[in-house]
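Note sheet for the following structure.
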Amino acid sequence: MGDKQNTTSDLNDGHSSLEAVLPIPVFMFVVGVVGNITAIVVLSKTKRERKESAFYTLVCGLAVTDLLGTCLASPITIATYLAQRWSGTLCEFHSFLLLFFGVAGLSIICAMSAERYLAISYPYAYKRWAVDQNVARWCLFAIYVGNVLFCSPPLLGFIKSVHQVPNYTWCFIDWRSENPLQVSYTYLYAGVSTLLILVTVVCNVALCWTLFTMRRKTRKRLVPKASIKAHWKELSSGAEIQMMVVLIVTSLVVLVCSTPLVVRLFANQIWLELDWDADLEAIRFASVNPILDPWVYILLRRSVFHKLLCLTKGRRNSILPVSDRPQPTVQCLLEKSCATSFVLAKDLLGSVDFENPPSTTSAVSPRGGKGATQIH
């Protein structure tokens, strides 16, 4: 009689805990799908010139990756919450999804950081190598194929996947195993993720330093016409600053959400400690990443920056005389590809050594109205 009462009590406790926890993954799934679809729609309405840039293509690739990760992984989590069990090889597939989309997001944000650093710091190499939409597509293809192969051992059965406690609603590789192959793969995955994080941080720091150096040289350089300085202000306040903020905020979101899981990989394999709550928090952080990413594109690319630039443009035009207003306008600059803007900015400042001095000349109009770089 007592055992029957205990069993009934356990079942009631399980149902009550399920009702309390189930809305969380459902809410995350809905918000993730709606947010990423909205972000893809917003990105698809970008100007044609911007669509052809490598950075835009990589941003779209990250949005699609986040959407796929949400649509594939979240339903499995919700199903296990409802069924309270795992069927067949579903555990191995779920482990593969978490591994793949975790390292794929880091790979794409690392490629975005490297692309921006190359475009700003080495604009001539950027143009000579023709880094464009096609290059970015091939880069995304290589990231997907490489990471599928890299994360497939658990799916193929070479690496063991286990149900993670305390609620057994998610699967991951056995990161407390003493099997040499299992240990090697855990360290390899954690090491690759760490390397991607470090490269992303280094590229972003170098990018910020490059822009800071360019601005400092602008102040020290003697420019005969004030309109050239105004033109540089337009360039830096338009495409460059917008791309910079989008990149840095997206990088922070991805790194903050991904780092806890990488830390747990090392901690569990090195000390073999049993801290299930920390493991659960780490995977929850990783699950929040595809929910936050799309709102960075939506807010910073469309709403906030567009309004800020319009306000800045209106204020500047209301202060400056008509003859001294810099051209091209912010709107024109935003319609250009960011790579071209970076080349024009550096040429106007004279902060880059020309690779072929005899065949390269710069001509700036007296009013700064159509400052242009002519390469013969």
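Backbone N, Cα and C atoms are what each Cβ position is placed from, and that goes for glycine too.
Now, the feature entries from TrEMBL:
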type	residues	note
DOMAIN	35-297	domain 'G-protein coupled receptors family 1 profile'
TRANSMEM	20-43	transmembrane segment
TRANSMEM	55-83	transmembrane segment
TRANSMEM	95-114	transmembrane segment
TRANSMEM	135-159	transmembrane segment
TRANSMEM	187-212	transmembrane segment
TRANSMEM	243-262	transmembrane segment
Remote residues contacting the transmembrane segment (243-262) - C-beta distance under 8 A, at least 6 residues beyond either end: 55, 59, 62, 102, 105-106, 109, 112-113, 116, 190, 193-194, 197, 200-201, 204, 207-208, 211, 281-283, 285-286, 288-289, 292-293, 296-297, 300-301, 305, 338
Quick test of the contact rule: Cβ under 8 Å, at least six residues beyond the ends. What residues does that give for the transmembrane segment (187-212)? 99, 102-103, 106-107, 109-110, 113-114, 116-117, 120-121, 150-151, 173, 236, 240, 244, 247-248, 251, 254-255, 258-259, 261-262, 265-266, 269
Close approaches to the transmembrane segment (20-43) from elsewhere in its chain (Cβ under 8 angstroms; 6 or more beyond its ends): 56, 59-60, 63-64, 66-67, 70-71, 74-75, 77-78, 81-82, 167, 287-288, 290-291, 293-295, 297-298, 301-302
Mind checking which residues reach the transmembrane segment (95-114)? Cβ under 8 Å, same chain, six or more beyond either end. 55, 58-59, 61-62, 65-66, 68-69, 72-73, 76, 136, 139-140, 143-144, 146-148, 150-152, 154-155, 161, 170-173, 189, 192-193, 196-197, 199-200, 203-204, 207, 247, 250-251, 254-255, 258, 261, 283, 286, 289-290, 293
Restricting to the domain 'G-protein coupled receptors family 1 profile' (35-297), report the mean pLDDT as a whole number. 87
